[in-house]
């Protein structure tokens, strides 16, 4: 039952109605970041075709940087990380031109 | 459209010893460097990242005191970090260079106009002079018009060829002889891969050089981010809260480049150092026939040599290189690629002008002939 902020940066906001910041009140079954990613794919992304922009083989697509409270999720246990109240999870795409 | 910085997470939890930065051992590490898997905190990351770029610049003697440089600025992440970094390092280490922002307006409604707004904000944020040149002024065509005639599948070919020239032309008009671009390690590794896949031997060897200046072209180009991972550039921009523009180009999904990029990204997941490894391989690849003839810069038959030749030490001015007969731009062929593309376009426009706007046709022609005079 955590309240978390999810940000879609680097152009990734296109898959979530062009809204960069989403404040979510998560249902009880969403515990880890892995759950959160599934939750995003099933509820936040309205167009099923856009899921492929965010996920690949069930995981976050290579080239998208995931940060948990501004720390690379590689250092936080990736999908295993257990969400707490007021956590900020951000997804930043690096895939388009610079 | 204005800039909203990413939020500052305030969830401070007790830090475990294992989470500490590998360098300062006192702050929480926030990232693992893909190059060497070192765990760093924000402050140490800034320091290491900036110092590495400074070292690249100094080791390769990219700039000299009093030099004017133009940063090719698109408003995207790489060029925004580049503009910030050039200004920052110039102030910190006193290179004594004058920095200009140089932007090209390809004329893509809904994409370039928004990104140029970002560049204009950057101009104010960094206090650097900005010059914008448009495809319309330089060639008489906007990208939108080109796509309407040539179709979306060729858009990146046109855009790439014309943009490359237009940066040089823009720089020349400003009296600048050095264009700095934000190409990063990922871009370079991708280029190496693409040249291998295409078997483009001539380009393979020079594709990794940090500073290119062709004989005959007064404009040098350099890539200070050659060894910087895309991921680190994006994280740097994120942590420094730099204002950059990020939307996919309207015409980009049709480009070929995507395939090599996907391959690279998947490789990076398995083995993060692969990007720098590919660059290293590219740098150490010397072609046999070129070994003896490199000094003279002749390694293939006449007619194809001049544009291949790179000399990293001097730019000799417009003496030796072969030039396009029409626009006088450096070209390995009699007519440069841009002029050939434009000629095709003009033929096609003649067929479609009845429905579309004809008024600018004469003006565009005049502009282009003026352009030729300027050269």
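Backbone N, Cα and C define each Cβ position, glycine as well.
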Annotated range (TrEMBL: region 'Disordered') out of B:290-321, B:322-353: B:290-321
ATP site partner of B:72, B:73, B:74, B:78, B:182, B:187 (as recorded in TrEMBL), chosen from B:104, B:108, B:210: B:104
Binding-site residues compared (B:78, B:187) - highest count of Cβ atoms within 10 Å: B:78
Which of B:73, B:104, the listed binding-site residues, has fewest other Cβ atoms within 10 Å: B:104
Sequence-distant neighbours of residue B:74 (ATP binding site) in its chain (C-beta under 8 A, six or more apart): B:103, B:104, B:115, B:119, B:182, B:245
ATP site span - longest C-alpha distance across B:72, B:73, B:74, B:78, B:104, B:182, B:187, in Å: 20
List of the binding-site residues B:73, B:78, B:104, B:182 facing chain A, defined by a Cβ pair under 8 Å: B:78, B:182
